[in-house]
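**Q** So that we are looking at the same thing, I have put the structure below in structure tokens.
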Amino acid sequence: MMNAEAKPGDWLGKVRWDANGLVPVIAQDAATNDVLMFAWMNRDALAKTIELKRAVYYSRSRQRLWFKGEESGHVQHVHEVRLDCDEDVVLLKVEQVEGIACHTGRRSCFFQKFEGTVDDGEWVAVDPVLKDPEHIYK
């Protein structure tokens, strides 16, 4: 829900938050423009991200802020934050520490590619596991 009367300096008020106070976020590699992951932010997460220059998301399952890399060490250093034309999606341009953004140990969460036709298609994992998740989360 956007504040239609957003004042100068009220940059958080310009964002169109959903009914749950969240906004979708895409993390993109700042150097290659590869899409790394999708997550959610609330106001606190976006403010912390700006303040720390480090990606902070909102975990819907844990109902709390999620500092990317807090368990895995795969921190995202934020180089740039953008808001889309409808003001309802945030884009983070990041440097991905150790090159792993996905909890599966892959560079990107978008590692499954559709192959085939509408009648016999399937999702195929096309990107390699860079690090076994068993060794990431102990």
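Keep in mind that glycine also has a Cβ here, set from the backbone N, Cα and C atoms.
In case it's useful when we look at the structure, here is the feature table from Swiss-Prot:
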BINDING   ASP84, ASP86, ASP88  Mg(2+) binding site
BINDING   CYS85, CYS102, CYS109  Zn(2+) binding site
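Each of the listed features needs to be described in terms of its position in the shown structure.
**A** For the recorded site, ASP86 (Mg(2+) binding site), the DSSP three-state label reads coil. Remark: ASP86 (Mg(2+) binding site) has ARG16 as non-local neighbours, by Cβ distance under 8 Å and separation of at least 6 in sequence.
Non-local contacts of CYS85 (Zn(2+) binding site) by the CB criterion (under 8 A, 6+ apart in sequence, same chain) are absent.
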**Q** Once ASP84, ASP86, ASP88 are set aside, which residues in the chain still have Cβ within 8 Å of the Cβ centroid of the Mg(2+) site?
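**A** Other same-chain residues with Cβ inside the cutoff are ARG16, LEU83, CYS85, GLU87, VAL89.
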**Q** Tally every other Cβ atom lying within 10 Å of the Cβ atom of ASP88 (Mg(2+) binding site).
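**A** Cβ-Cβ neighbours of ASP88 (Mg(2+) binding site) within 10 Å number 14.
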**Q** Have a look at the binding-site residues (CYS102, CYS109) and report the one with the fewest Cβ neighbours inside 10 Å.
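**A** With the binding-site residues CYS102, CYS109, fewest surrounding Cβ atoms within 10 Å: CYS109.
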**Q** Measuring Cα to Cα, how far is ASP84 (Mg(2+) binding site) from CYS109 (Zn(2+) binding site) in Å?
**A** 21
